[in-house]
Each structure stands twice: as C-alpha cells, then as structure tokens.
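According to Swiss-Prot, the protein carries these features:
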REGION    1-163  region 'Disordered'
COMPBIAS  1-22  compositional bias 'Basic and acidic residues'
COMPBIAS  31-163  compositional bias 'Basic residues'
REPEAT    49-61  repeat '2'
REPEAT    62-74  repeat '3'
REPEAT    88-100  repeat '5'
REPEAT    127-140  repeat '8'
Amino acid sequence: MGHYSHSDIEEAVKSAKKEGLKDYLYQEPHGKKRSHKKSHRTHKKSRSHKKSYCSHKKSRSHKKSFCSHKKSRSHKKSYCSHKKSRSHKKSYRSHKKSRSYKKSYRSYKKSRSYKKSCRSYKKSRSYKKSYCSHKKKSRSYKKSCRTHKKSYRSHKKYYKKPHHHCDDYKRHDDYDSKKEYWKDGNCWVVKKKYK
C-alpha cells in the first residue's frame, strides 16, 4: 500500500459509507507521528529555506547595494577627479597664459626701454654732433674774428699814422703859418716850419 495523505483517507471513508460499508472503521495510519515529524521537518526546512532564501536575497541585495554604493563612490571619485583634472587644466592654462603674458610684458618693457635708450643715445649723439659742430663753428668764427681784428688793426696802424699828420694843419700851434703840402701816396703830408 502506498502512502496516502489524511485528506485522501477521509474521502475514501466517505465514499465507502455511501456505498453501504457502514462497518468500515476509519483508522488513522500508524505513521502519523512520523509524518508529523516529517511535516515538521519539512516545515522547518521550508522555514530555513525561506530564511536562507531571504538571507540570500538580502545578501544579494546587500551585494547589489554595496556594489552600487561602491560604484557611486567610485563614480563620485571619478567625477571629483575629473572636476579636479578640469580645474587643474584650467589653472594650468591660466598659469601658462599668465606666464606668457608676463613674458610678453617683459619683452614689451624691454623693447620700450631699448627704444628709449636708443632714442636717448641718438639724441646724445646728435647733441654731441651739434655741440662739436658748434664748437668748430665758434672756433672758426673766433679765428676769423681774430684775423679780422689783426687785419683791421694793421690797417688802422697803416692808415692812422699818415692821417694823423694830415689832420695837424687844423690845430693852432706854434708852427709857422706857412704850410707846404705834397701827396705821399693816398694821404696829404704836411710839412711845417717853426716861427
């Protein structure tokens, strides 16, 4: 005889009563305790299975949450590092720009100072040239003045001496009123006699 459940036996008894088997006594099988134990075991197993399943699900969900948490953390880290790298790139670019600007500004200042020094040097050279030419001109002018003065003095000396004798006839002195004139070159020379 195979194993039947309690509900199957009850249905069999009911059908026997309907058919006329009134003296049939329903007897529960002797293996009730064992079946109860088995059911208890299966119930325990199912409970443990449920627990293990729940714990498995929990562990899986925990793993998932942990992985997602790790992913989110790694994403945050990567995002932060990306932001940092972008900011670093920006700062590096700005630093490079500032360095290039400083270099260009220095070169511009140098070129301006060089231009100024070149202009001042040119001015000083032109000033020196003008000063030298002025000195040369002044020297030549002084020399010409000296030569002119010398020639003028020599001319005065040459011209004054006979002219002085020519003007003596105008003066009233102790000479005789008789005067003799003769031409000596370009000037009239007066010959006077005493009284």
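Please read every residue number as a count from 1 along the shown chain.
Placed from the backbone N, Cα and C atoms, the Cβ positions cover glycine too.
For the repeat '5' (88-100), the number of residues in each DSSP class (helix H, G, I; strand E, B; coil) is 13 helix, 0 strand, 0 coil.
With helix defined as DSSP H, G or I and strand as E or B, the repeat '8' (127-140) counts 14 helix, 0 strand, 0 coil.
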